[in-house]
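Annotation comment: Swiss-Prot describes 1-21, 78-121, 585-610 as region 'Disordered'. The annotation transit peptide is assigned in Swiss-Prot to 1-68. For 105-121, the entry in Swiss-Prot reads compositional bias 'Basic and acidic residues'. Taken from Swiss-Prot, the feature repeat 'TPR 1' covers 168-201, and the record attributes it to sequence analysis. The repeat 'TPR 2' annotation in Swiss-Prot covers 202-235. Look at Swiss-Prot and you will find 237-270 tagged as repeat 'TPR 3'. The repeat 'TPR 4' annotation in Swiss-Prot covers 271-304. What Swiss-Prot records for 305-338 is repeat 'TPR 5', and it gives sequence analysis as the kind of evidence. If you look up Swiss-Prot, you'll see 339-372 marked as repeat 'TPR 6', on the strength of sequence analysis. Residues or ranges marked as repeat 'TPR 7' by Swiss-Prot: 374-406. Residues or ranges marked as repeat 'TPR 8' in Swiss-Prot (evidence: sequence analysis): 407-440. The annotation repeat 'TPR 9' is assigned in Swiss-Prot to 441-474 on the grounds of sequence analysis. Look at Swiss-Prot and you will find 478-511 tagged as repeat 'TPR 10'. Swiss-Prot lists 543-576 with the feature repeat 'TPR 11'. Taken from Swiss-Prot, the feature repeat 'TPR 12' covers 598-631.
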Amino acid sequence: MHFFFVPNSSSSSPSPANTSSFSLSFLTPQIPENLCKSPTKIHIGTHGISGQSFLSHPTFSSKNTYLYAVVDRSSSGVFSPQKESANGEGEESNTEEGVLVVRRPLLENSDKESSEEEGKKYPARIDAGLSNIAKKMPIFEPERSESSSSSSAAAAARAQERPLAVNLDLSLYKAKVLARNFRYKDAEKILEKCIAYWPEDGRPYVALGKILSKQSKLAEARILYEKGCQSTQGENSYIWQCWAVLENRLGNVRRARELFDAATVADKKHVAAWHGWANLEIKQGNISKARNLLAKGLKFCGRNEYIYQTLALLEAKAGRYEQARYLFKQATICNSRSCASWLAWAQLEIQQERYPAARKLFEKAVQASPKNRFAWHVWGVFEAGVGNVERGRKLLKIGHALNPRDPVLLQSLGLLEYKHSSANLARALLRRASELDPRHQPVWIAWGWMEWKEGNTTTARELYQRALSIDANTESASRCLQAWGVLEQRAGNLSAARRLFRSSLNINSQSYVTWMTWAQLEEDQGDTERAEEIRNLYFQQRTEVVDDASWVTGFLDIIDPALDTVKRLLNFGQNNDNNRLTTTLRNMNRTKDSQSNQQPESSAGREDIETGSGFNLDVFLRSKLSLDPLKLDVNLDSKRLERFTRGRINGA
């Protein structure tokens with residue numbers, strides 16, 4: 001259908017308002033079946049157009065459905081049939097200038113429309129209609145597609161303005177401080193907000209998972225780690241590694257292996273995954289597999305003190321002490337401030353009864369990390385074990401002064417005071433340790449053992465039960481059951497003692513002490529056959545660990561590029577450095593033997609002579625730690641301890 005603007009006859013005479021009217025003609029294209037005989041005219045008033053225009057009837061074809069509007073803008077005529085015939089070649093250009101081609105489809109108006117609607121332009125009406133339709137269309141809102149309440153809450157949190165990235169670091173530090181003060185609920189709230197704002201960052205998942213694990217909320221921690229792996233698309237090796245450690249703690253060894261493998265796939269340079277996986281295999285007795293994993297860790301991650309330290313411990317267990325010392329030396333070269341390496345090396349020397357060398361290594365450990373609680377604890381227990389009770393007490397007090405919230409130091413100090421001082425002071429120290437960390441099982445076990453030795457069997461049973469209520473599947477629980485079994489054995493409850501021994505072995509079947517204690521019980525009852533059967537069961541079920549030195553051949557290519565040099569270092573009798581080390585240790589032993597026959601001097605002077613290092617503990621405390629060696633007993637006063645405990649509980 002076509003329409004044209006055609007002026008009426010009355011428009012030929014100009015008017016003062018310079019107005020005229022046009023008629024809108026609708027023409028139907030020529031169709032063989034139905035030809036249009038007369039046009040339909042609709043009168044439209046126009047303004048500002050003078051002159052006469054008339055209808056031009058172009059030739060139509062059945063395919064031509066375009067809509068034309070011809071308007072004569074001036075008296076001279078922009079487009080007319082005469083000009084069209086005269087200017088045949090310029091027809092196209094004139095048409096483009098004078099003819100307005102309307103390509104927007106229009107709807108036919110019915111006869112019932114009012115004259116006011118007829119005066120409006122059709123394009124404006126269509127635009128207005130489309131605008132109304134667009135207003136009625138719903139805007140895409142992501143939260144409508146989320147059904148669960150947790151998803152809607154997460155979407156609402158993401159919809160808010162996202163804080164700067166520096167706020168994540170500050171929040172993580174604040175949560176760490178709160179967790180250190182045992183304010184786990186506040187720390188959890190902060191970390192949950194971090195996860196809501198930064199779901200792609202793995203650090204909040206790791207921190208929150210560790211807090212949940214400390215509270216024995218292992219199922220929640222597992223769900224959190226799984227969610228973290230999904231949010232990070234499996235690319236965060238730290239979450240995989242923490243999840244693997246959790247599964248290993250729960251006893252799911254196969255699942256833990258799969259997760260450690262996933263951690264190494266996510267990042268083959270993640271040394272903690274290789275090291276944790278190796279420790280798992282060591283506990284399972286797969287020494288060759290553990291060595292292979294540690295070798296891969298060195299290959300992909302480079303020199304690392306923790307891997308060297310674990311390899312050294314394996315060598316020490318196998319009886320290859322010179323290789324163990326060499327690997328410990330490599331660990332301290334990698335990181336001279338690694339307190340763990342110095343302590344492990346010192347324990348090796350203690351096993352070999354080379355006490356001066358061990359003291360020198362303990363000095364290195366506290367100098368590398370002056371506030372490390374493990375260094376002061378191990379050193380203090382060592383000194384007390386070799387007979388230096390006063391020095392051991394002093395070292396434990398120093399560790400407590402530097403770490404007043406650590407329960408292990410107070411536990412060891414309490415046992416030391418019970419053995420060499422009074423039970424009341426020991427009881428106060430153990431009670432304080434249990435208040436610092438109520439979920440620390442060894443504290444309750446030690447306290448129960450002390451009460452049993454004092455004859456308070458009922459109190460001892462309650463304390464043992466309290467320890468088992470924390471977690472009944474750990475190695476500490478196994479030791480607790482063994483100690484409780486001894487209590488029942490001495491009390492005459494033999495059936496209860498047998499049940500407790502059996503429960504302890506169900507947790508840790510490799511406990512030599514538990515097997516032999518049970519066998520001794522049966523032997524004391526006159527059942528020698530049963531006692532021998534129990535001993536045979538231990539030797540039959542124990543894990544046989546076969547370890548040889550064949551792994552060194554393939555391992556040398558990784559630990560040092562200079563293969564020949566390392567071979568010489570590990571070759572007994574041909575290494576000058578090892579010979580010098582052996583000579584030095586022998587000289588230390590001779591010094592120790594010669595000093596044992598002399599009169600004892602002051603503790604500080606005796607230490608300087610034994611170690612030969614000139615290390616003065618009192619000077620070190622004053623200069624490096626700002627502690628007065630004469631005022632270490634202040635924090636251990638019973639009244640001060642009670643006030644501190646009450647303030648700590650009220651603050652929490």
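A Cβ is built for glycine as well, from the same backbone N, Cα and C atoms used for every other residue.
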What is the number of residues in the repeat 'TPR 10' (478-511) that are helix, strand and coil, as DSSP sees it?
28 helix, 0 strand, 6 coil
Which whole number is the mean pLDDT over the repeat 'TPR 4' (271-304)?
94
Structural state census, the repeat 'TPR 8' (407-440) (DSSP three-state):
28 helix, 0 strand, 6 coil
What does DSSP give as the helix, strand and coil breakdown of the repeat 'TPR 3' (237-270)?
28 helix, 0 strand, 6 coil
Count up the helix, strand and coil residues in the repeat 'TPR 2' (202-235) according to DSSP, in that order.
26 helix, 0 strand, 8 coil
